[in-house]
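Taken from TrEMBL as is:
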DOMAIN    A:13-388  domain 'Luciferase-like'
BINDING   A:T101, A:H151, A:Y155, A:S213  FMN binding site
Amino acid sequence: MTRDIFQPSGQIQFGIFFQGVNSGTIWKAPESGSQTDFESFRRLVQTAERGKFAAFFLGEGLRLREHLGRPHALDVVGRPDAQTMLAALAAVTTNIGLVATQNATYNDPADLAHRLSSLDLISGGRAAWNIVTTDNAWTGANFRRGGYLDHADRYRHAEAFVETAKRIWDSWETPSGPARRVLHEGQHYTVDVTPLLPRSAQYRPVLFQAGDSPEGRDFAARQADVIFSAHPKFDNAVEFRRDIVARSVAAGRGANAVQIMPASEFILAATDQEAQDKKDWVRSLQIGPQQAIAYLEQFWGRELSSYDPDGPLPEIDPVVEETSETRGSGFHGAKARQLADQWRAEAKDKGLSIRQFVTSKTARVDATFTGSYTAVADHLAEYARVGAVDGFNISPWLVPTGLDDIVNHLVPELQERGVYPTEYRGTTLRENLGLETPVRSEEPARVR
Amino acid sequence: MSSSEEKKAGFLAIELDGAGYENLATAVLAAESAGFHAATFTDGRVPGRANALQRAAFAGPVTRNIAVVPEVDTVYTEPFHISTQLASLDYVSGGRAGWIVTAAESPEAAAAVGRSSVEGAALAHEAAASIEVGRRLWDSWEDDAVIRDVATGRYIDVDKLHYVDFETPSDFPGPGYSVKGPSIIPRPLQGQLPVLAAASLVGEGLVPADAVDAVLVSAPTPELLAGEVRDVRARLGASVAIVVELDVVLDARGEAAASRSGSAEETGRARFIGSAAALTDLLDSLLQESDGVRLHPAVLDVELDELSRAVLPELRRRGSLRAPIQDGTFRDLLGLGPAENRFATTATGAGK
């Protein structure tokens, strides 16, 4: 019975999401370091571990973003392979979880499951998979398979993929083997494999998922251990929690089975005023004049460099035939005119220049916690008290020193309030997150 | 002994598969301090064996001089992923990464990814295509593509990024494919990682000799190795480095090698069974014929101990073993110059 009723843990945890490629990471400040050198990653992950962070996330790149038909020049471009980097970081850390964002479309299930098992074993049970999907042929142009997935099939494909991976991870007869054969014959792929690796210290890699549509939420409620949500604001977070608890219970899992860690950004200082000033500085470096114009260009489908970033939105209409692939997902031209009209009206209403308008659209407005260390700590303690979230996934806006403030000042404040761990609970990610031991997946009867 | 001016100094690599994933840091550090120049990581479908590239990545930050060189299959893998993973390995190891190209012949590997088995000459075609994709992607960013120009707001100079537009050749056996590029990661620290492959995979009608930097040469017995090296050299020319493959079982811990070698699996490589002193003599002569030797110890701990105590010091004393290059790259070890970028738009940074 009680499994159906959500119990707040009274704690929050932190993860760091090193996205690598976005406009959120400031590269223009003198203290910005390399986005690819190992030292940047080592510095960040070791700082996070000093601050008892639960997990270190890496994004994944499958094709470089483009702008008006060429690689996008303005924001950070280029990043290492997630699992390769995390395997290296496993060697210089001992407790922090290592989460690889990996695409379920452009990987093979048996190969991906094997590599995640490897990372899990190499790291002593600290690996996790942040499951994402892609469906566009533009990304597929870099892969043998090409683009082959209908949008509607995305979650069906991803779910079959995840279930196959779980069966591979659960295939051991005893913790050290041998493994039983795993077969899957599906619409998109066929797998026939006898897995090679034993159970890890945390049974199998932890699963993170970020889908927010109703299908995405159901998928996460059925399959994921942690949802990487887009709802950090208190009221939204509480509402999202309620929804996920309902979906988890409906899926036959406990009310606490799925944890929630929203994406977030922190801008902190000794006083609220200093933090506000810092925020203006951060935003000005995240969205410079060129980024503001480029952002509009991807929707307008044409060059807008003659427009003043501090002036009003362009009165000229978008090119409707063009499709921008800047974000890698494809913005369809048919809606461009409508969107432009809407945006012009909105900017005029609020009296926003191009730059201010783009900042309002692109900065993690809802996801940003700005304030003094004590004020933000008080605010986060409230999340912990009601169990609005299990933690926050922090995207640092500076590399590699972007966690220093948080670890040096915010974490101790939270620890004083008794809402943040002072030590790691264990050595595996599953233990440190306080996740339930996974139920070993059953083999379907049709398996020989 | 040959006269000192004739004497060549070669390098030694050690295969670390026996370390598994639990004792990796200890093993690779022991290999580095023993004076090995490279650690290799076998891949392929063996129970208990973790992904080779990740084991190499783990070994990267723990060490400083030893090259870390995984086997990576080219047949049932995505060339774009391989290229990114290997470039990343180069970053995490500070420019000490290499790639032993393999072409999986296993029907199990094919079934695991739902493909039909690739066999015969088609294996080399798959390997050649993957190497070409990898090399083009590594070059797809010029060395100075990241400019971080605050005045213009440009993080990169897009003129220094290049689409690779690879397509499998028309005579490609099996399903052809294309790769657009550019790479997702800037050019590796070495520019181009050294690429190694079994000599049997390289040559006319196979992987072109100029696609690889070194070949791994095997023979049925230790006595036949020197002759095989000369044959391969004659077949592939002098531009490809030659690394000799040798299984090793040593007299150790009061046990004769012969009694320890009883149930050894069939590897297809020459197997030396005997004393450290006899192995030293064999390696001394093999290092005169080849650029390096890759040792496959029967029991990693046991052989590594014996090798570091009794074999490597003597080879160094004889002048047949290269001194480790402090903070050197794998290219340095193989004597390769700076890697020219095939897409380079400016003269700077390129050239030998």
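Just so you know, glycine gets a Cβ as well, placed from its N, Cα and C.
Note that TrEMBL annotation is computational and uncurated.
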CB contacts under 8 angstroms to A:T101 (FMN binding site), restricted to the same chain and 6+ apart in sequence, sorted by sequence, are A:F57, A:L58, A:G59, A:E60, A:A82, A:N130, A:V132
A:Y155 (FMN binding site): tally of other CB atoms within 10 A of its CB
17
Are there any residues in the same chain, six or more apart in sequence, whose C-beta is under 8 angstroms from the C-beta of A:S213 (FMN binding site), and if so which?
none
Residues near A:H151 (FMN binding site) in space but at least six apart in sequence (CB under 8 A)
A:D135
DSSP-derived structure type at A:Y155 (FMN binding site), helix or strand or else coil
helix
What DSSP gives for A:T101 (FMN binding site), in three states, is strand
Just how spread out is the FMN site if you go by the largest Cα to Cα distance in Å among A:T101, A:H151, A:Y155, A:S213?
20
DSSP-derived structure type at A:S213 (FMN binding site), helix or strand or else coil
coil
